[in-house]
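Below you'll find the structure, written out as structure tokens, and then a few comments.
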Amino acid sequence: MPGTGAQLPNRMISLAVLATALLTAPLGAQRPATVTPAIPSEYAAPIAYLLDAGSGQVLYQREIDRRFMPASITKVMTTFLAFEWMEEGRLFPQQVYSVRPETFRTWHRKGSTMFLPADARVTVDDLLHGVTTVSANDGAIVLAEGAAGSVEDWVAAMNAKAREIGMADSHFGNPNGWMDDGKTFVTARDLGTLAQAMVTRHPSKYRHFVGVKELSYNGISQRNHDPISGTVRGADGIKTGYTNQAGFGFLGSAQRDGQRLVMVIGGSPGGRERRDASRQFIEWGFANFESRLLFPGSARIGSARVQQGGADAVGLVARGPLRIAVPRGENPDITLALSYEGPLQAPIAKGEEVAELVVSIAGMPEHRVPLYASEEVLEATLVQRVFNALGSWVA
């Protein structure tokens, strides 16, 4: 839908006042009767964040920009970086790394461990399973040293990756979250960004490495202490964290009926409070919200005006199917609008981010979705500019 009024520096075009007709409500999700859906109290979870991973919509937030120490939740960034390097061909599951003597002396039986022997040769696959399943401090260090050459270089890569995906207010000082006097800190908002990137970019790796119930390595079997996996239907991770400095935290996720939720619990005073808050919070999310398809992946959502281009408008598309979360069982009023700085200036590359779809749902925070050019628009030739100028003059 081309815009009008080229003099406006910030373009906002209404697409629809009511989008209810686009949505079809699915059947409600079932939940275990033993868990009562609830927003956790401020005592049980001073920091609480719930988002819909498919759309990125915020479903609940409390102190989500407050910095806190993540403890072992740090290992989620180590895991995500490993996934990214695997995708880039820089790291392979069957690569074998040796446990360095100094690493064994420092990290043998230090905190949570996968009990790596001295001088052991261990695969990346085993190391990552140790990190994700039993929060292995030793495994995280051996992985960092083997993949990057040193812990320092791995940590630098962690921070670079955090900036790349938009973790604007977090910093990592080590690969495993061991206490470092506050050098490592995160926000709930940033952890949500990290989890969303992990599950959307690497779904097969996520399924292989995260949410595994037990690790057996070196003749020792240890269980995963995730408070929701095996208890909450559809739960599959992600990571707990605890130190005396950080308290009890959890970055969790579950998927039901095509809808994935991500939650962050921070600053819980005890393990029981964290467990109960996590189970009740994720159930509250599924009980109160459902995912609906707004546009299929190939849909042209609208168009934006272009200046000095071979075409006077460019189509706008999302990265894939555009789903939104809405209050369960309701057909709320939904307002859609396009927003962009316009008219856009040619040239424009296909796939370039050029606009946003602003989604306003009654009773929920405003949500913005990036939109991309559906085709390339080259700069206009001299002849095209003359005709464009004549057309504007006639109009």
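Just so you know, glycine gets a Cβ as well, placed from its N, Cα and C.
According to TrEMBL, the signal peptide annotation covers 1-29.
Within 10 Å of the Cβ of S72 (active site, acyl-ester intermediate) there are 24 other Cβ atoms, across all protein chains. TrEMBL lists S72 with the feature active site, acyl-ester intermediate.
When other Cβ atoms within 10 Å of the Cβ of K75 (active site, proton acceptor) are tallied across all protein chains shown, the result is 28. Residues or ranges marked as active site, proton acceptor by TrEMBL: K75.
Around S135 (active site), taking its Cβ as the centre, 29 other Cβ atoms fall within 10 Å, counting all chains. Secondary structure at S135 (active site), taken from DSSP and collapsed to helix, strand or coil, is coil. Summarising the annotation, TrEMBL assigns active site to S135.
Listed in sequence order, S72, I73, K75, V76, T132, S135, D226, F250, L251 are the same-chain residues six or more apart from K239 (substrate binding site) with CB atoms under 8 A from its CB. Summarising the annotation, TrEMBL assigns substrate binding site to K239.
Residues or ranges marked as domain 'Peptidase S11 D-Ala-D-Ala carboxypeptidase A C-terminal' by TrEMBL: 289-379. Averaged over the domain 'Peptidase S11 D-Ala-D-Ala carboxypeptidase A C-terminal' (289-379), the predicted model has a pLDDT of 95.
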